[in-house]
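First the structure, in the form of structure tokens, and then the observations on it.
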Amino acid sequence: MLLTVENAHKSYGALAVTKGMSFSVEEGETLGILGPNGAGKTTLFNLISGDVSLDSGIVHFNGQNITTLAPFQRCQSGIGRSYQVPHPFGNMTVFENLITAACFGGQMSEPEAYDVAEEVMNSMGLTSLANQQAGSMTLLNRKRLELARALATRPKLLLLDEIAGGLTEPEAQELVTELKKIKAKGTTMIWIEHVVHALLSIADRLMVVNFGEKLADGEPMSVMNDPEVKRVYMGIEA
Amino acid sequence: MTVHTQHINMTRTPLPILPISLGVLFLGTAITMPFWGQAYWLHEFVNISCFFIFAMMWNLLAGYGGMVSVGQQAFFGLGGYFVLAMGNLAGVSPFIGIPLAAILTAIMALPLSKLAFRLNGGYFAIGTWVIAEVVRLTVANISIVGGGSGTSLTAFRGVDRVFRQHMTYWIALTCVVATVALILLFLRSKQGLALQAIRDSEVAASSQGVDVIRMKLAVYVVAALGCGLAGALYFASNLRISPDAAFSVNWTAFAIFIVMIGGVGRIEGPIIGTFVFWLINHYLSDYGTWYLIGLGGLAIVMSLYMKDGLAGFIHRKTGKDFLSIKRIYRSK
């Protein structure tokens, strides 16, 4: 297993957002996460990336207990993350955003980082925007950069938080094509998404989260046909 | 500067020729100034150098590190007190004492950072100010350095006045050049990327592998070093120190003014800002209260209509950065 989360608990005051969740992801696998708003999906990512610390529970990654590591250490150990709302380094160019990620997340020298940045820009279609200030870009391009920057850290595990949200249908298709290429290279992914058909086109496994608990976990189509999932997520009474 | 020819398609911004040649011209003129300039101008230059170095450090701290401190006068004052104490009590020549005082100030910043870093944003600003006040009150109770009424620098007794003025001037000039060069080189380095990333988004920087806490501590200590240097220089030149003068919040207020006018988070910002500040200070400071009201008014107008300062305005109009730290991508 590349990632194992055991009995994760997290509360904000009286509000329990993660209630003893356990799951794991195999190397090379793509896990899709679905769930209503406020179900605790992003919190789950925060617990894996270290932005939020666990109240109790253990996170193992790549054979190492990373429960107490800081976010930057988790990134360096191979967890790349994109945020739901893109956080570009707004006053830096696209190219500089990527070399920063490669230099620090990927722990490379600057010349090595330049090569990685170029490669990522080419594959993400950002080359023509290389010298543009990241803060001045359109939403689609900022989302692309968000993904590209996570890739530039050379992650073993990629956490994608609603990167298709707010995109038009052709844009979402383009993104899925990119993700398929990344998957083909063997990168493990966890993808939170409300654009269900995009998610289903790539996920090997689907997990549904509700009120901080795991509702279903398994083969995508059987999870989608689960009456409880239909009721909670799609509002269809069986 | 081309970085590694095997990666030929990427280049760094070339080191800017025009500003560098202007810099060399300025340096040539400046180095020889004691031989043809009046003592008044030498003294004026030393004073303004202190403001400049102090403002550069505030810009590094706030503009790049995102740490808006209102308490940098703590380090300015400590630098001053260290140089006077070493001179008067241990007989250390202030010419050697100035860099030593800066280093001692940086060491003091380590424990103080433990307090300051517990706070964030606006609380950090207030907290640093409180720390500076505590330092002021503490120093005012140390009778060996004159307590509340301060002391004079006696270590220069017997040193020829002209020699002292020339030496102080050259030290100031060296400090100015070293400050600009070090900050420029630092921001162009790999660590400079991390600092700019932190300035733009701390959350994203740490999610991209940047050790934000260590980086901020490094910047805080370096800024203390620079502020200590400025203070040491200022009081070695002015020969007299008191807690109220050394730890006045005005030092930081002027630095903020300089950086805001020049352009926050831009290396040229404090250079342009200091020049503007010097002009205003030199020609209008006789107007007393109105001068201060004017400075405040100008700062408000700038922050409303020209947030990126004069340096940012010039950049927008000409598309040029005069001391660029950008990395430019060129495709094959």
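Placement of Cβ uses the backbone N, Cα and C atoms for every residue, glycine included.
Annotation source TrEMBL lists transmembrane segment at B:17-36 (among others). Beyond its flanks by at least six residues, the transmembrane segment (B:17-36) meets 42, 45, 165-166, 169-170, 173, 177, 322-323 of its own chain at Cβ-Cβ distances under 8 Å.
For B:48-67 (among others), the entry in TrEMBL reads transmembrane segment.
Residues or ranges marked as transmembrane segment by TrEMBL: B:79-103 (among others).
The transmembrane segment annotation in TrEMBL covers B:168-187 (among others).
Long-range contacts of the transmembrane segment (B:217-236) within the same chain, counting only residues at least 6 positions beyond its ends with a Cβ under 8 Å from a Cβ of the stretch, are 46-47, 49-51, 53-54, 56-58, 60-61, 64-65, 67, 69, 72-73, 75-84, 87, 94-95, 97-99, 101-106, 108-110, 112-113, 116-117, 153, 168, 171-172, 175, 179, 191, 195, 246. The transmembrane segment annotation in TrEMBL covers B:217-236 (among others).
What TrEMBL records for B:248-267 (among others) is transmembrane segment.
Residues 256-257, 260-261, 280, 312-313 of the same chain sit 6 or more residues outside the transmembrane segment (B:287-306) yet have a Cβ under 8 Å from a Cβ within it. Among the features that TrEMBL reports, transmembrane segment is placed at B:287-306 (among others).
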Chain residues outside the transmembrane segment (B:248-267) and at least six past its termini with a C-beta under 8 angstroms from it: 51-52, 54-55, 57-59, 62-64, 69-73, 76, 129, 132, 180, 183-184, 187, 199, 273-274, 276-277, 295, 298-299, 302-303, 308-313, 315, 321, 323, 325
